[in-house]
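A.B. asks: Starting off with a structure, shown below.
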Amino acid sequence: MVTDPPASGNDRNEIAIQPSPPKTPEAPEFCPPPLLTIDNIVNSATFLKRLLDMTKENFIGRVIGKGLRIYPQTPQAYHAIRKSIDKEVLEAYTNQLNEEKEHKAVIRGMPSDSLPQQIIEALLDITLSFITLNDCHVMTNRKTGLPMPIFLIYLSKNDANIDVYNIKELCYMKIIVETLNKKHGPALCFRCKGFFHSSKYFTRNSKCVKCGKPHLTRDCKRPSDTDATARATILPITRATRRTHSTSLHSLPKSISGKREPENEKR
């Protein structure tokens, strides 16, 4: 019986190595627009049908208590629904589109009494108007409320605005341009004291942190050194409060603040 001779080493490598098929590019992951929550809707089905006819697109909604939560699928539907909310003056809240979010940077080293408009004009002169600067304002200390030598600037998200970090001198002053540090934890609305949304696209009634009434905290006429009863309207209270400051952790009920009650007080 005649057998074929064994293949040489080069022939074996040619047989083992085969060209791999070309990889198809992966499709970009779809990121839907942020949802919209509208409060106090009398007839949710009729209201949702009216939005569907207005946008001429298919999306779904979900009943949340007395309100309706809408899940748009395109930015066009998102803008149309938000425009309808503003036109009818409805109580609602939503978030900003990712492509519309601004980039925030801080300028350190400028005097706190500098004019924001002067800083904007100086930045545009240095960069020959290549950057897109939307706003600028001085940052204040949380405890004292006094202005700090730090200015916050809002830039559009594009490649040209990255050059702002290369600026080392502004208005004959040595400066440092840095990215704004991100806050830890969920977003907090400063109008209703709710979480997971901001006050930028918020049309609900405000809630004061001092008295719990429907107005902004800065417009409240109640002094901050009185008894902290505002938490009674925002959080369920089961026991007496400890301290009088309305924003202190000790002003919360003991069951909420997580502190144990001493044994002599239990008796």
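Start at 1 and count along the chain as shown; that gives each residue its number.
Positions of Cβ are set from backbone N, Cα and C atoms, glycine also.
Any TrEMBL annotation is an automated prediction that lacks curation.
So TrEMBL lists the following for this protein:
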| type | residues | note |
| --- | --- | --- |
| COMPBIAS | 19-29 | compositional bias 'Pro residues' |
| COMPBIAS | 258-267 | compositional bias 'Basic and acidic residues' |
| DOMAIN | 116-187 | domain 'Pre-C2HC' |
| REGION | 1-29 | region 'Disordered' |
| REGION | 242-267 | region 'Disordered' |
A.B. asks: How many helix, strand and coil residues does the domain 'Pre-C2HC' (116-187) contain under DSSP?
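C.D. replies: With helix first, then strand, then coil, the domain 'Pre-C2HC' (116-187) has 19 helix, 25 strand, 28 coil.
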A.B. asks: If I take every residue in the domain 'Pre-C2HC' (116-187) and average their pLDDT values, what number comes out?
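C.D. replies: A mean pLDDT of 88 is what the model gives the domain 'Pre-C2HC' (116-187).
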